[in-house]
Amino acid sequence: MIIHNKELEKLVKQRYKKNELKEIMNLLKSKNTLAMNPIPNTSLYMSSSNCVLDKSLPEYTGHENVWIRDNVYIAFSYYMTNNYSAAVATVKDIEKFWLKYKNRWHNCIKGTVDPFNVMERPHIRFNGFALEENEQTWSHAENDSIGYFNWLYCKFAREGILVPETEMLVLIALFQNVVEYWHEADSGHWEESRKIEASSVGTAAAGFRELKWLLEENEGIKGKFEESLQSKLNELGIKLDYISGEELVTALYQKGHDSLYSILPFECRTEGQVRKVDGALIFLIFPLQIVSGDMALKILDEVNNNLVGEYGVRRYIGDSYWMADYKALFKEQSRTVDFSEVIGIRDRFFKKGQEAQWCNFDSMISCCYGLQVLQATTYEEVNSALEKQTHFFNRNLGQITGDECTFGPWLCPGSYYIERGKYVHDDVCNLLWTQANLITASVLLERCIDKANSIRNTLPSIAKPTHYALNIIPDLSVGKFAGHVSISLTITETTNVIVANAKDLNIRNASIVVFRITPGGLDMVDSWTKDPVTHRATQTASKITVNNSLETVSFHFEKEIPATAQIILHAEFQGNHNDQLSGFYKVAYEDESGNEKFAAVTQFEPGECRSCFPCWDEPSLKATFEIALYIPKQLIAISNMPVKEEADINVNGKELKVVKFEDTPLMSTFLVAFCVGEFDFLETTISTTPCRIYTPKGMKEHAKFALEVTTNLFTFFTKYFNLDYLLPKLDLVCVPDLSAEAMENWGLIVFRESVLLLEDSTKTKRSIASTIAHELAHQWFGNLVTMEWWDDLWLNEGFANFIGSLAVEYLFPKWNVFTDFISNEYNRALVLDSFPSSHPVHAYVCSTKDIDDVFDGISFNKGAAIIRMLNSYLGSDVFAAGITKYLIKYRLGCANRKQLWECLSEVSGKNISTLVHTWLIEPGYPIITVKENYDQEHNTLHLEITQKRFAPSSHNLDKTAWFIPISIITHKGVYQEQFLLAERTGAISIPYEDGENSFWKLNVRATGLYRVDYNLSQLKRIGNALRSNLNVLSTEDRVSLLLDINALSQARLVPEVGVLELLKGYEGEDNHVVLEEVSNLLSILRNRWYNNAVVLEGINSLGRKIFSDKVAQVGFEEAESDCHVKVSARTTVIKAAAEASDEAVLTELVSRFQSYKNDEYNVVHEDLRPLMFKVALSRSTDPKSDFLFLFKIYSDEDSDPEEQDAVLESIGAINDPELLKKLLTEFLFNPDLIKQQDITTILYSIAMYSPFAEEAVKILSHWLLSNWIEINVNVPQNMIGNVIRACLFKNYNSQFIQHLEAWLTGEECKSEEQKALRLKYLLNSRKSFDQVLENLHIITDWCAKDFGALEQWFKENGYI
């Protein structure tokens, strides 16, 4: 697909979310692409906006006139956007013109002029400025223009948004009756030879159908129409052959309809003028909807197969208007001469295949498929049509001009035609018809996205499972499994087809047995075969069909199964143990002797149970499960429930054992789990519940902390939910490979090995506790009560994320869990949610295939932040009571978010549904700006608060308003009353005493999901207050201030001086999480100003002021008694001091590196190794030797993986430019030296840590641009974007930016072959280059503007 506008190309997608579509349309509005400017003092429009915007442009196109047809399409686009006043005004102005010249209608109707002399007829082009006819002549009748007007005029009247002049309706009817439009030769849509055309007849017929409906539905208008008709007949002195006006209109419609369908699917069947296909036929499908069903499909196919081109859609085969080199063939004055009578003059220049390709069709073809979406009833039909609708919409976007357009970018041309062998836009930019159609297509696409989101890919509801008896035989030696499942089903409708989910299974045999039936169904099963043992009615499936796209299997039976029957479906199946970490997959590992072994593990969330056995794989279709595994005797099998019995058994000559498990309670298929392998375990009993942690052989000692934490968390959740754990046991098992960190299967939680087992890293305990807490919370919220459908995934994960953090905070209060939560989950949510590509928390999920799109940081992190905000707003006790009420009410069932809100509302007395509505259905979050006014007389602070969506995008037009709980803290403490901001603006007044170190801050402890834009004075006051007394704000408040200021600074909403004013207040900071954010913010500033020595020294001086003294406090040496917090603080402080060029710290790290080289590996904690390596390399006196020493660690297979990662992160700090170049040219693409997956890490390491930063940036960019072809050959396509960003993101230099922009064109290439090759490899990477360029432009301009203010601030505050 050709996209002319490169900025727009970044936003084009094969499938849009509503917010993504809105982002595009907002961008087009901001660029005036969709601006349609009416003629002054009218609601009429010239055909091309060129004529309005620039009088110097040529008007030989004839588009300075008002064209009736084009104005109708403009009015229709206003109607589609609900701008009824503009739509009606345009139609009424056309009516005004025609009634002004009603004598033309009268003369034709009376026969005083020849009605077939088209210039004697009502004019369909006119001077809109004077509302007068003009001197232009044409020879096409254009019944279609009258038809279009009649259609929309009556449509508006039917909908009550316009009161019609019945005289206008009468004139149209009488005129079309006189000319007998149904078989009149016309050339309505295109100026060419007249003939009887379906596109003209159909348009007029559509108008009379609409008028017919209007008269049938509205007795008042019908009466006035009859009166006007009789009055007009009397006035003109003529008679009709019809009894009434209604009869006349019905006849006019019927004659047109019959004539139309005698021509279709052709455009014209007249001998000598036959035309099989014409683009104008599309308009009969949409917007007129006079053609539908099979005929519409046939026309669409003909247009697609014959007229659709790369640049647009041909009007018809052989069209010579704007044919190749049209401007060279015809002078300006004759380019739009009406050739209708002498078409051969133009046609003689025409060459086959050189038609112009027009831009007003793709949007309407998109709408035709949109109608199919709206009419479809199944998931498959909806999505098939939506795919085509989106494709043609994107083609229309692609036609919008880029920088190459002579009239400028962001315009909607009339067509693309061939000029000197190349397609270029024609001279009509903008064509308002194209603009109007694009607007209409976007509105319909948005409606169709809503329709698609409402259609779920679910199974037919004719069968409901109640119980599964599952037997599986895994064979890990060959990677296959076989099984048999018996599924108890209740049949709700009489059927002979049962549809279940299945994926990648070979289902061989299937049968059903009736085990219970109502008397009414006995006759239906009487003729079935009877089982010889049970004597129950049974039948074997006559056919088994699989739909791979829908992931279903259909079991067909010859005889119908009666409604209300309870049956058992038996099925045999085979499958593969895949290596995709989903379904029933296998993982390889080494035993204690180094031998390769295999284990089998299940991962069924979100929709992979179907790849293990046929099932009803939807969350709401809960059933009980009876599981048996047939495995080698030396292996262990674990499942959701305790083992019921084990026994040796011979299966097909193999000596195995069968492990049978107790029946589960009602549960969803995605929570079913089993593992097979060799395991050790630790165990305990929590209250009365046995709990085991299974580990690989020889690793169980590493699980002691996990078992201890599990015990304490289990106790916490039992008390918090005020509900006992339902299952008879709880197992945790760690496996070598898992797609996520863990999976909450009920009673059998599976963890990735590296997540559950305790190593030496300071962060491991925190990570272990958090992950276990998250999964344990699901045992109640998610398993006991399960979401009805995947669109509430955010609630399932967000709740577990928040409540897990609450539990860990309770167990380990010194860890400052919620400070860490704000720094990580909370901020990650805000960062992700600020992008235009963000999606609502409650994202529509139609199929399990869509789940990956919402299984992200928005679901996990923003969901958790919303839950935390609710908890704070309601109060912890009230919130917990509401959760317990919800779990009790829906125990063992399914529920949705609305049912949770109801429970919380009942407990709290507040309308929770209203509060959270916008947070869930809209992407993004608010930024709060505040104007303050202090009333000294009454010691009152008045705050005027305004909210808007936080979006750095310059074309953000979002007007969302959230319900925001506003909390306030001042130097006097937390103000107890919470305010609820429900509108775009609001006002708050609080008691306040202004004075030294006085301040106020919104969003106490960052419990609200919003950022606050403080002005420079406010930031200075907060900074001074913190400097005076750090504890005036909590650690949560202190860290959130840093995160806000960072985001606002990067969005250019806060000057960098404001960042520094705030940072100055953190000199006394002692919390490791807050210090880490201080360090991060300083690093961002350092990266931005790395090439400005004055500012860089100021930043480093501030960094030393904050961190240097703290190094002595934490020291380099570890003690066994050091807790997680102290170790983290040591790492943060030493790292930050080193980055701030603290000479003592740098010297110490170099010294310790020398000890490390002498085999003193514990000279620093492993978290500090990357830093030690970086410093040592950057200050090395023997760069080559030190580089080779570290590179040996990286390349040695026996090296510790964490050491290898530390080397990778630091390797770019080499202080020898020639060695650096050698790393790029000789090492990077040698697979024997560098793993492919590590290439981008090395590049980022160079960009971030090279001691000769400016030269390194030049080396990287030169390497990228000089080796572009080789890079594309050696680096996977999905990594190219990261390579580009790593090499270019610090080139804040105007000259380089110009060089890069020129390089991207390929113009400096020595040959066309080189240029073509470069551009070929740029096709898939241009978006990444454009994103980098945009950022480089912004930061380069930014630095140029801010340098003076920063230098002055650093001097005034004593940092330089």
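Note: Cβ is positioned from N, Cα and C throughout, glycine not excepted.
Where the annotation comes from TrEMBL, it is an automatic prediction and has not been curated.
Over in TrEMBL, the protein carries these features:
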type	residues	note
DOMAIN	464-671	domain 'Aminopeptidase N-like N-terminal'
DOMAIN	705-919	domain 'Peptidase M1 membrane alanine aminopeptidase'
BINDING	His774, His778, Glu797	Zn(2+) binding site
ACT_SITE	Glu775	active site, proton acceptor
DOMAIN	1000-1307	domain 'ERAP1-like C-terminal'
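Excluding His774, His778, Glu797, which define the Zn(2+) site, the same chain contributes Glu744, Glu775, Ala777, Gly782, Asn796, Phe799, Ala800, Asn801, Gly804 within 8 Å (Cβ to the Cβ centroid), listed in sequence order. Mean predicted confidence for the domain 'Aminopeptidase N-like N-terminal' (464-671): the pLDDT average there is 94. Taking a C-beta cut-off of under 8 angstroms and a sequence separation of 6 or more, His774 (Zn(2+) binding site) has the following same-chain neighbours: Ala742, Glu744, Ala800, Asn801, Gly804. A distance of 9 Å separates the Cα atom of Glu797 (Zn(2+) binding site) from that of Glu775 (active site, proton acceptor). Within the same chain, the residues at least 6 positions away from the residue listed as 'active site, proton acceptor' whose Cβ sits under 8 Å from its Cβ are Ala742, Met743, Glu744, Ile749, Phe751, Ala800, listed in sequence order. Sequence-distant contacts of His778 (Zn(2+) binding site), defined by Cβ-Cβ distance under 8 angstroms and a gap of at least six in the same chain, are Glu744, Asn796, Ala800.
Other Cβ atoms within 10 Å of the Cβ of Glu797 (Zn(2+) binding site) number 23 in total over all chains.
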